[in-house]
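Before anything else, here's the structure in question.
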Amino acid sequence: MFLPFSPPPSTSLFPVFLLLLLFLPPSLVSSSLSHTPLSWTSPHDPCYHLDGRPRHCLSEFINAAYGVPVNASHSQQGPDYDSNIITLTDLHNPHNLTCWMAHRGTDTGEWVLTVPLGRRFEITYISLQFCHQGEPSDPISISILKSMDFGRTWRPMQHYSSDCLGNFGLPSQTVAQTRHQETEPLCSDPRPLQKQRGGMVLAFSTLDGRPSSPDFDHSPTLQDWVTATDIRVVFHQLSKVAKAGNLDKKQEARWRDAPLALSDLQVGGRCKCNGHASRCRRDDTGRAVCVCEHHTAGPDCDVCEDFYFDRPWHRATPTHPNPCVACECNGHSNKCRFSMEVFQQSGRHSGGVCQKCRHHTAGRHCQYCQNGYTRNHSKPLNHRKACQPCQCHPLGAVGRWCNQTSGQCLCREGVMGLRCNRCAPGYKQGKSPLRPCIRKFTATIYAKEESRKRCVSYCQPSQVKVRMNLETYCLKDYVLKVQVRGMERSGPWWQFSISVQTVFRTGSTSRVRRGPQSLWVPDRDLGCGCPALHVGRTYLLIGAEEGERGWGPEESRLVADRSTLALQWREHWSPKLRGFRGQDKRGRCPPKSPNSHHREHSKPQSGYVPPHLLTEKDSDSVNTHSVEVDETQTLAVPHTHPHTEVKSTVATPSPTTPALVCSTQGPE
């Protein structure tokens, strides 16, 4: 809009700045008036409170165009027609105007004035002072544009025209209707305010009429809207006025033949320092740079300085100064990086990761000791000798590794002590450097060895071929998928509380259903680990029919003993076991003969070998019904217990029937 007035003697900033107080948002007015004098006269740094806490600070409000040469070009005269104009940006004196006048014969076409600011500024206003006082007789059309990339691309900020819709395709308005429109150029008629105070000034406020301007410090959209590195003013239509003022006769004669005459161009704003600097100075190359505080860096204080990467960079606001925070490396490193993943995992509190830890430390905060070193608790964590070498015995320890916190070395068999320098109870010092401590063979150890050998003999041979096809499946008393819930002793037996999840097979004497059940295991069998059952685990339980178990004929209990397989469950067994169950239901399992059952019960306990543990040689003597080869499915499983190592071989299936191989280790 045009604001005619007769300014008093002042510097180049004062006349227009007073006018703009009517249009600036309260946040910018208060910061430029009340904060600025304090910030330049206060003995302490304005970016910090008196107690040292960081706070939001602003660089000095200046005329960014002062002393900057202006480039003027005409659309019909070619580029750089009249460059390096300094009369528009010199010290403005209303009593001694220095005017720039367009050349004669340029009444048609466009005049373009470009002001390179040399760095990013947050622009508050742009003003043009004309050399005449009268009202233009013809319509005038002006555009104000900005560049954020030093003149490579341009974006319009404001249009002035008496015919906005015809010249720019925009309605005439001075206020953005919505927040989505507040970063779009508006168009208005500049002439209604030309007669105020006798002068002619075109003043554009970048935030006037923008809905989010009261919340500028928290609006990244508006912060981007006011940022510029270059300003361009385009005069689309030129007109002459009737009366000139403040010019001598010779200048007035020249002006009357000129289509355009300007005396001053101002761009008011601050160096874009993102609230992290109170000063903006010239560097050795003459370019204005922010004097960054809060451990920020960069020409706009838009990055964190080295080693202050514990949190991501943010612009400072009046409520949150957002300083950059140093990484916590306990004095063992001066280099770190930021990790967003670590930052998110910490609850958005800390994301710094230390690099190149010194003094034999390691870890994200250099809080651990490297391999071969342990914590020296007589020194604080930030001491250069906080980690000391491991004191492991060269013979009793395996290598030079030790626990980084306690210093416990990794000892060889039979060796103990923090440094692995003593023989454990039951061991004595040996003569070999590979076995510095050897076992003492006492009566107790001998008894344990004998007990282990008896268990191995009692729990079946150590190497057998474990095979189960439909033929042996049909001989089982039960095939169940169970989960062990608990256990308690009951005389010579152990009672396990189990949950039967799937019933694949039950014999005529075993009526097992899904749900809670009790499983009884003899104490001797469980002591030798056959079967080995652990609370909380799921097993495939295969119980073969065997002889007497010591129960009366009226009692019916689910029993697992040394002839029972307890294999940790594997999901890939389920389809084949269901296949066996399906064939059983279709009548593929032959009925057992009473004689065969009587012979099994008459066998002595010590010589009994369950059907699923028969070797190939023994399997010929078992009286079972045969099944067609092409209808047989084979399940090969290993039978193991803690005292044996079983080599399981997979039975060869028929070409038309796939085999199920259950390769698993026994219960731990």
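Positions of Cβ are set from backbone N, Cα and C atoms, glycine also.
Just lifted these from TrEMBL, have a look:
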SIGNAL    1-31  signal peptide
DOMAIN    53-270  domain 'Laminin N-terminal'
DOMAIN    327-389  domain 'Laminin EGF-like'
DISULFID  CYS357-CYS366  disulfide bond
DISULFID  CYS390-CYS402  disulfide bond
DOMAIN    390-439  domain 'Laminin EGF-like'
DISULFID  CYS392-CYS409  disulfide bond
DISULFID  CYS411-CYS420  disulfide bond
DISULFID  CYS423-CYS437  disulfide bond
DOMAIN    455-589  domain 'NTR'
REGION    578-668  region 'Disordered'
COMPBIAS  648-659  compositional bias 'Low complexity'
Can you give me the Cα-Cα distance between CYS357 (disulfide bond) and CYS390 (disulfide bond) in Å, rounded to a whole number?
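Given the Cα positions, CYS357 (disulfide bond) is 19 Å from CYS390 (disulfide bond).
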Between CYS409 (disulfide bond) and CYS402 (disulfide bond), how many Å separate their Cα atoms?
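If we compare the Cα positions of CYS409 (disulfide bond) and CYS402 (disulfide bond), the gap is 4 Å.
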Is it possible to get the count of other C-beta atoms within 10 angstroms of the C-beta of CYS357 (disulfide bond)?
23
Across the whole of the domain 'Laminin N-terminal' (53-270), what does the mean pLDDT come to? Round it, please.
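A mean pLDDT of 79 is what the model gives the domain 'Laminin N-terminal' (53-270).
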Can you check which residues sit near CYS392 (disulfide bond), meaning Cβ under 8 Å from its Cβ, same chain, 6 or more apart in sequence, and list them in order?
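Correct list: GLY399, ARG400, TRP401, CYS402, CYS409, LEU410, ARG419, CYS420.
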CB neighbours of CYS402 (disulfide bond) within 10 A?
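So the number of other Cβ atoms within 10 Å of CYS402 (disulfide bond) is 24.
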I need the most crowded of these disulfide-bonded residues: CYS366, CYS390, CYS411, CYS423, CYS437. Count other C-beta atoms within 10 angstroms of each C-beta and give me the top one.
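Highest number of other Cβ atoms within 10 Å: CYS366.
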Quick check for the class: what is the C-alpha distance, in angstrom and rounded, between CYS437 (disulfide bond) and CYS411 (disulfide bond)?
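Their Cα atoms are separated by 11 Å.
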State the Cα to Cα distance, in Å, between CYS411 (disulfide bond) and CYS366 (disulfide bond), rounded to an integer.
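Between the alpha carbons of CYS411 (disulfide bond) and CYS366 (disulfide bond) there are 27 Å.
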Could you tell me the C-alpha distance between CYS423 (disulfide bond) and CYS390 (disulfide bond) in angstrom, no decimals?
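CYS423 (disulfide bond) to CYS390 (disulfide bond), Cα-Cα distance: 19 Å.
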Any idea what the Cα distance is from CYS390 (disulfide bond) over to CYS366 (disulfide bond), rounded to a whole Å?
18
Ten-angstrom check, please: count other Cβ atoms within 10 Å of the Cβ of CYS409 (disulfide bond), all chains counted.
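Looking across every protein chain shown, the total is 25.
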